[in-house]
Amino acid sequence: MMITEERVSLKHLLTVESLSNQEVLGLIQRAQQFKHGDRFKPWHRPMMVANLFFENSTRTHKSFEVAERKLGIDVIEFDTKTSSINKGESLYDTVLTMSAIGIDACVIRHSDEDYYHQLIQSNTIRCSIINGGDGSGQHPSQCLLDLLTIYEEFGDFDQLKIAIIGDITHSRVAKSNMQMLKRLGAKVYFSGPKEWYDPKFEAYGHYLPLDELVEEVDVMMMLRVQHERHDGGTSFSKESYHQQYGLTNERAAHLKPQTIIMHPAPVNRDVELADALVECPKSRIVQQMHNGVYMRMAILEAILEGKA
Amino acid sequence: MMITEERVSLKHLLTVESLSNQEVLGLIQRAQQFKHGDRFKPWHRPMMVANLFFENSTRTHKSFEVAERKLGIDVIEFDTKTSSINKGESLYDTVLTMSAIGIDACVIRHSDEDYYHQLIQSNTIRCSIINGGDGSGQHPSQCLLDLLTIYEEFGDFDQLKIAIIGDITHSRVAKSNMQMLKRLGAKVYFSGPKEWYDPKFEAYGHYLPLDELVEEVDVMMMLRVQHERHDGGTSFSKESYHQQYGLTNERAAHLKPQTIIMHPAPVNRDVELADALVECPKSRIVQQMHNGVYMRMAILEAILEGKA
Amino acid sequence: MMITEERVSLKHLLTVESLSNQEVLGLIQRAQQFKHGDRFKPWHRPMMVANLFFENSTRTHKSFEVAERKLGIDVIEFDTKTSSINKGESLYDTVLTMSAIGIDACVIRHSDEDYYHQLIQSNTIRCSIINGGDGSGQHPSQCLLDLLTIYEEFGDFDQLKIAIIGDITHSRVAKSNMQMLKRLGAKVYFSGPKEWYDPKFEAYGHYLPLDELVEEVDVMMMLRVQHERHDGGTSFSKESYHQQYGLTNERAAHLKPQTIIMHPAPVNRDVELADALVECPKSRIVQQMHNGVYMRMAILEAILEGKA
């Protein structure tokens, strides 16, 4: 796949599906340049980014923050617990405030799906929105870092066999990944509990038994069981989930030599995958977190470079 | 009104009434210079400011933080929720600690009126105090940014007609504004619920019916209904407050062409003013937030420039 | 005692007992250089430190943060209250994430004693650990700043008489201080409630009546009554503790002219020592906080300078 010389420029980053393949590959290429030591060019004026995380986060939040600092951006942390949100101020008015005080872009994680619609339609709000996760909706920066990690490993997406395993219905990143991977030429497969699988995923790949997939695929993409998005009624014990749908040590023994294991983290150790596999040679979980910083640098640059 | 060439220098900023007219105008002028692109001169040594917000805040807190970063100040955020306050440490001992570790100035918002008295009398505490709001007392930086917004619009305060509407008794900024505006030559009027009006305000202006004021004044300064400062016993529904004391679309239609609408925010939309008015051409609410950053730069500079 | 020219270099700082006398004196010397205006040399690459405080803290947390900023380090604040800790992520996986996103060192305070064992044994975690307090275990940076404060005062530890008074069993710093002070040649004495005294402390010094000690020692090191570490069952009223084991104004009158008063703070005023003594001329409590910044600069430099 050809990679363009032209730098990607974005107004917002809300969903990954709105990016062209060329833009995705452009961001991957730029992230790789940052990873290989490319220093950012100083901004033509000081840039300011606010991080607004209305849901708990370690990786996404701190990874964006590290990326911002590496790019020499002034970072404004917004603490929902001590803000005027507690006086009833809306998300819209909060972002309007950020815009008014000169924030160039807001990274937002919020429990409402599509929380950003009103924000980007405003004539008054001038700051760009970078979606750090919306409810059970989208998580574009996670999808892009996953794509970077796969691309880095295999150099191409064409005909790659990728299994997405687990709590697909509640996963923000699974839905993006299945669409993007298919569009980029990969073959997607699914497995996991049938109650967390939706027939509409068939548009992107097929459901197969887990034990069949472990012997076939190039990428085992395990999804987190999102206890916090279930209403307490998960019908599995940790042990039974692990035995039925987890990557056990036994199953891992059947993976092909070049196959890699991915997981967006935080991992429920001994649930989605065996404790010992998290940091095993096949695992790219630490690498995914590491790549997340460089992908977010690429995203931030694509958003900010066009700012007047 | 003449504006001096001399730069304002302050030890603390606790109340706005303690400033001379000359100092107020000096700060307004300096804020305008910052707004028009004046870059700060680098400090003769690194400066460090701590933000201690014991009450919820978005605008004041983040606006100070943006101002600090624009001035190249090292910002220390103090999180009351994870501090030794929870081990029973007093405000005095907290600020004593800030002073001991080398903080040059503390921006403090606290629910106690006059919380700062003990702090400024200490022989040991050496850091300057910038009052970011004390209980129902003062909120000097908000008053100054309001004055900047009015001055920017009209070029003078003399004979300007300004209406302050709403929850005056609980408003930190209303009390400062009425005093300062009168001192600077403006004519102040009041309206709103009689139970939130105190006869002592008569020293600064007169209470008039709202429908009379909308046709007369140059500035409609709407105040937030501070649900969080009432003991649950507000006797108005949102709708009845809006109809009786709010700036409805109907009332706004009677404003003079040059009249501007102000509000310290967060706005209770459709309570103090109609939703559609918040971002209408007459509104200066976004402008107030924008100006807040530049006024706080002027304040911080006036406080820090004299530091050894 | 000879002080070496060689700069101290550390992989982690977990306990102070693991430092040689030479290293302790090297850190003291370096902290004094920072205090007397020595500017740090710019790092050969940008350095990033994360502060992970799982227990309430003002002094230690903010003092480390000020030290980090003075050293030109990029600071990442980790807020336990809005992190994935709330989704059940472990300390190990949190620090693994910090390492993966490029953090060079983590300053950690945690309620578990020896929380760091698993972290330093990991082959994947590459960031250094600086112990900011582990349960009732260690608090090495506090011990080192105490040693700096004593050294600064007396120029030597040899034959210095130092009393450690109060809640010794629950004090992280008391245990480090008694061992280090003895090793450095000082004579250690103890006093306070017998129920908070452990016979194993006899290895480092002797228990004596408080009124005897006040007339004899060079340093009165008062310890905080740690209400938060007792299970509600403290048998003393504040008044009775103060009268029996506190440094009252009356007792302070018997101190030798050169004797200094120390306390790790936050002080329970009128419990461990009389309110008026906290900022009296003999008190080094403010000085301890001030010295804490310089000692932490020395620690951070010793940790980071060796980083590739």
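Residue numbers in this text run from 1 along the chain shown.
From the backbone N, Cα and C atoms, a Cβ is placed for every residue, glycine too.
If you look up TrEMBL, you'll see A:11-152 marked as domain 'Aspartate/ornithine carbamoyltransferase carbamoyl-P binding'.
Remark: A:Arg109 (carbamoyl phosphate binding site) has A:Leu52, A:Phe53, A:Phe54, A:Glu55, A:Ser57, A:Thr60, A:His61, A:Gly132, A:Gly133, A:Asp134 as non-local neighbours, by Cβ distance under 8 Å and separation of at least 6 in sequence. Positions annotated as carbamoyl phosphate binding site by TrEMBL: A:Arg59, A:Thr60, A:Arg109, A:His139, A:Gln142, A:Ala265, A:Pro266.
Listed in sequence order, the residues of the same chain lying 6 or more apart from A:Lys87 (L-aspartate binding site) and placing their CB within less than 8 Å of its CB: none are present. Classification of A:Lys87 (L-aspartate binding site) by DSSP places it within a helix. The L-aspartate binding site annotation in TrEMBL covers A:Lys87, A:Arg172, A:Arg224.
Under the heading domain 'Aspartate/ornithine carbamoyltransferase Asp/Orn-binding', TrEMBL lists A:159-302. For the domain 'Aspartate/ornithine carbamoyltransferase Asp/Orn-binding' (A:159-302), residue counts in helix, strand and coil come to 60 helix, 24 strand, 60 coil, using DSSP.
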Reduced DSSP assignment, A:Arg109 (carbamoyl phosphate binding site): strand
Number of helical, extended and coil residues in the domain 'Aspartate/ornithine carbamoyltransferase carbamoyl-P binding' (A:11-152), per DSSP: 62 helix, 25 strand, 55 coil
Shortest C-alpha distance to A:Arg172 (L-aspartate binding site) - which of the binding-site residues A:Gln142, A:Ala265, A:Pro266: A:Gln142
Cα-to-Cα gap, A:Arg224 (L-aspartate binding site) vs A:Arg59 (carbamoyl phosphate binding site), nearest whole Å: 14
Under 8 Å by Cβ from A:His139 (carbamoyl phosphate binding site), same chain, sequence gap 6 or more: A:Thr60, A:Asn131, A:Gly132, A:Gly133, A:Arg172, A:Val173, A:Ser176
Number of Cβ atoms other than its own within 10 Å, given for A:Gln142 (carbamoyl phosphate binding site): 26
All-chain count of other Cβ atoms within 10 Å of A:Thr60 (carbamoyl phosphate binding site): 25
Max CA-CA distance, Å, over listed carbamoyl phosphate-binding residues A:Arg59, A:Thr60, A:Arg109, A:His139, A:Gln142, A:Ala265, A:Pro266: 16
Binding-site residues among A:Lys87, A:Arg109, A:Pro266 whose Cβ lies under 8 Å from any chain B Cβ: A:Lys87
Neighbourhood of A:Ala265 (carbamoyl phosphate binding site), C-beta criterion under 8 angstroms, separation at least six: A:Arg59, A:Arg224, A:Ile285, A:Gln288, A:Met289
Binding-site residues, contacting chain C; criterion Cβ under 8 Å; candidates A:Thr60, A:Lys87, A:Arg109, A:His139, A:Gln142, A:Arg172: none
